[in-house]
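Read the structure below first, then the notes.
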């Protein structure tokens, strides 16, 4: 039987081992943080394989175990958020600032040139409802004296600067088919970094100031800015995702969840309920509407619809759009949601159903 001194010796060895392991782990976390900061010094997209190779000699098990603490350190110490992005067949990410950005006037001349040009590009895309052919963007820039292949007296090389924005994930290029054209066109939209670091409200305010217009003159863009940094929108989206799990859809296997924000601020939810004879089946949106009406509510201020399709967002059907219009005297935002990971497209009722039939049409004169 071991003597007390042997127990003490064994415990001392275990304490030293635990202490050494803790020091090693802290060292590895520091290495990971430094590696990520160094790789993103030019705001480039970072490959997970590069992080693991440089900081951990390729040990993916250590990577998965340590990354939660690395993410916390980046956020709490440096004010950064690590965001996953689509890579070319590889897992990739970018480092986005969570700190309030400076105004253009507070930047030095070099940064002011860069971000003024970025603001012009993002503003044009935003005012064109979020996606625009690249050729049209250059046509627009030419109207204000910025030519693709010509040095600009203030911005320098616009083509080179634009390609940098693409590499930094401020702007995303995608191929899309256009009706009447045999070849796919290149479309531009806001990139992941722009969505995290650039305020759509600030963009809209700047454009309105230049045009001497009110933000409410641009309905779609104004509605989208109202959802920015708004916890109530996040709450609405989460409610739609949660109720989707209750869907009864044994025939289509296509669960849908809907959440309505009513005028009092409360949320009412519904899911799709199918029937073997198909006719009595009810969409999630109308389930939520009927539930809200039965509880005495008559006005809705926002809607979220959660469903999953690989290549498309799922919008309310025509019947559901007309049902929502019955109880919406003014345009309301509609958030089309893909769960896991959560992706959101923002549209509006009047955009989905322009010139809707209104109960006022039936008023007796």
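Backbone N, Cα and C atoms are what each Cβ position is placed from, and that goes for glycine too.
The annotation domain 'MAGE' is assigned in TrEMBL to 32-225.
Across all of the domain 'CMP/dCMP-type deaminase' (231-360), the predicted model scores a mean pLDDT of 91. The domain 'CMP/dCMP-type deaminase' annotation in TrEMBL covers 231-360.
Around the Cβ of residue 283 (Zn(2+) binding site), the same chain contributes 256, 258, 272, 316, 317, 319, 320, each under 8 angstroms and 6 or more positions distant in sequence. Among the features that TrEMBL reports, Zn(2+) binding site is placed at 283, 317, 320.
Per TrEMBL, the feature active site, proton donor maps to 285. Around residue 285 (active site, proton donor), the same-chain residues six or more apart in sequence whose CB sits under 8 Å from its CB are 258, 270, 303, 305, 316, 320, 323, 324, listed in sequence order.
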DSSP-derived class (H/G/I helix, E/B strand, else coil) of residue 320 (Zn(2+) binding site): helix
DSSP residue counts for the domain 'CMP/dCMP-type deaminase' (231-360), split into helix, strand and coil: 40 helix, 33 strand, 57 coil
Least buried by Cβ count (within 10 Å) of the binding-site residues 317, 320: 317
